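Colleague: Below are the structure tokens for one structure; questions will follow.
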């Protein structure tokens with residue numbers, strides 16, 4: 001039969017001994033699963049310790065490519081066909097029950113502990129995860145999966161499941177197409193290997209290209225990962241030529257060495273790689289090749305091989321629950337800080353690990369296994385797929401309902417904010433108004449929606465005709481409030497997202513004074529001519545450094561060329577560690593870098609206003625804290641000594657001692673005494689962990705305008 005010619009029968013059986021009843025799994029592959037999930041979980045719990053643990057996902061991809069290709073080729077060899085309906089039904093029974101249960105329970109817990117704005121994003125992403133397009137959703141959002149300050153959803157990790165499901169959808173069709181085309185060829189097996197190698201090579205090259213042009217997108221999209229599945233597929237199709245085939249005893253002697261080498265490559269990549277590594281790209285070949293070596297070696301190997309270690313009961317148990325553990329660990333990490341109302345400490349992290357293991361064990365026993373063996377045991381593939389489709393649509397409907405509820409809540413509270421905005425006790429106005437009884441009482445609204453985000457569009461703003469271009473991004477916005485007046489003042493707002501939060505105060509001033517405002521902002525980038533070495537303690541990769549330097553140089557050149565009347569600067573300088581090569585203290589480096597950058601602007605007569613950065617929230621999302629402590633907002637406040645460290649950029653501006661370089665310090669509007677408050681004048685002060693809510697900035701407009709005029713007089 002053609003099916004028998006298409007594959008090597010040893011490839012069907014693989015190098016594995018005949019499975020005993022009740023023990024159908026390869027212990028080495030189960031151990032690989034255990035290692036993969038351990039690396040992923042450790043990376044998410046202790047990113048500083050296992051910074052490259054994300055390679056565990058690549059291990060899973062190779063395993064899936066091997067097992068699925070082996071199964072499909074085996075079916076072709078036996079029957080000369082692939083029963084697609086049965087294949088998809090088996091995959092659905094194997095994967096969907098646990099995935100849907102975890103996604104739904106996570107959403108329900110989030111509904112209890114998270115504010116409406118988080119529920120909106122979690123609801124949207126849960127729909128994407130349920131439909132197995134989460135990877136494309138995250139790619140479209142350009143999410144940095146390793147970023148610790150992301151407002152991550154409870155299903156963000158479903159991106160890898162989405163990639164796998166898309167692989168399961170297409171791969172059988174590819175093999176079936178190869179089978180049909182090979183019917184006219186004299187060497188069908190060679191054709192199969194050629195196609196798999198070509199698909200893998202194309203994907204690998206594309207992965208390298210996209211990793212160096214759009215790294216965040218490359219991490220998630222399916223085409224950059226296909227080659228990893230293809231490597232597993234090639235092992236399945238050629239396993240008789242690999243180390244562990246019992247027909248070639250000489251090769252078995254190499255199997256142990258290959259297994260140790262493979263495990264070493266996986267572990268080394270997890271320890272050496274970090275968030276700055278250009279990944280996947282060509283470096284993903286390290287864990288992929290390591291996994292391939294272990295699988296290809298098989299369980300037949302010398303006594304000194306790692307098989308004894310891999311077969312330890314604890315390792316096998318971890319491999320057995322690896323899928324459920326992967327599903328549970330991330331929502332536990334995301335939700336637990338909100339449940340216990342504090343960032344996760346050492347004991348909390350250990351508790352999160354223990355809780356994840358317990359939930360994984362329960363899900364394996366009561367959801368995974370019954371779903372695979374007892375769910376519709378006699379049903380046709382069509383019925384199974386129909387039931388799983390209904391289940392997926394049900395979860396989607398629940399998510400949609402949560403989105404609608406959160407949207408309605410946000411709309412109602414936005415109306416309430418508008419109604420309150422004219423009052424004398426609105427936000428910061430309450431701090432020094434004697435008629436306001438308790439400025440630090442509970443906020444008038446319980447949820448902070450997207451309408452409170454500091455990033456927003458204004459009808460009179462648009463991309464500048466001559467934008468600053470860095471890479472493929474246009475990084476200059478022009479807001480024209482001049483009303484055609486020729487003698488209007490030109491103003492710049494420069495910085496990162498902490499500068500952007502002041503748009504809500506600066507644009508009303510611009511409208512009042514008929515300014516034209518040029519806005520150039522890049523998140524996480526200093527406006528200085530010095531590289532950003534780290535952000536929030538995480539080392540910055542060279543691509544980001546180059547982008548920041550290109551942007552800051554282009555902005556400076558434009559300021560020098562146009563001699564604007566005013567420049568407003570602000571940045572998260574406490575979190576943006578710079579490095580000028582001297583190794584000096586940050587304050588000293590900022591002082592000199594600031595003088596080099598801003599000094600020439602001031603020398604040509606431009607007035608420079610450095611807005612001192614706002615207080616830190618100390619790694620706590622104050623909207624979430626306030627949602628849980630509606631009647632005791634002081635529980636969400638922080639000590640001023642901790643929340644308001646010196647701002648190196650503001651200190652550098654003061655040290656410059658140039659009359660037209662001034663500091664606007666509104667710290668007392670956040671910390672009027674020894675405490676920095678989370679709620680003031682009925683408003684949430686913060687939108688998220690470190691950005692001020694737009695309504696609170698709006699309440700600061702009178703004070704901001706007064707201090708701006710006083711500083712310039």
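Residue 1 is the first one shown; counting continues down the chain.
Quick reminder: no glycine exception, Cβ is built from N, Cα and C everywhere.
According to TrEMBL, the protein has these features:
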type     : residues : note
DOMAIN   : 28-361   : domain 'Acyltransferase 3'
DOMAIN   : 475-705  : domain 'SGNH'
TRANSMEM : 52-73    : transmembrane segment
TRANSMEM : 94-114   : transmembrane segment
TRANSMEM : 166-183  : transmembrane segment
TRANSMEM : 190-212  : transmembrane segment
TRANSMEM : 224-243  : transmembrane segment
TRANSMEM : 255-273  : transmembrane segment
TRANSMEM : 279-296  : transmembrane segment
TRANSMEM : 346-363  : transmembrane segment
TRANSMEM : 384-408  : transmembrane segment
Colleague: With a Cβ cut-off under 8 Å, give me the same-chain residues at least six positions beyond the ends of the transmembrane segment (166-183) that come close to it.
Modeller: 2-3, 5-6, 61, 64-65, 68-69, 72-73, 76, 82, 84, 87-88, 91, 132, 135, 191-192, 195, 199, 222, 226, 229, 233
Colleague: Under 8 angstroms for C-beta pairs, at least 3 of them, ignoring pairs fewer than 6 apart in sequence. Is the transmembrane segment (384-408) in contact with the transmembrane segment (94-114) by that rule?
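Modeller: Contact between the transmembrane segment (94-114) and the transmembrane segment (384-408): present, because at least 3 Cβ pairs are under 8 Å.
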Colleague: Report, as numbers and ranges, every residue of the chain located at least six residues beyond the transmembrane segment (94-114) whose Cβ falls under 8 Å of a Cβ in that stretch; write 'none' if there are none.
Modeller: 122-123, 126, 129-130, 154-155, 158, 161, 165, 323-324, 327-328, 331, 335, 338-339, 363-364, 367-368, 370-372, 375, 388, 391-392, 395, 398-399, 402, 624, 627-628
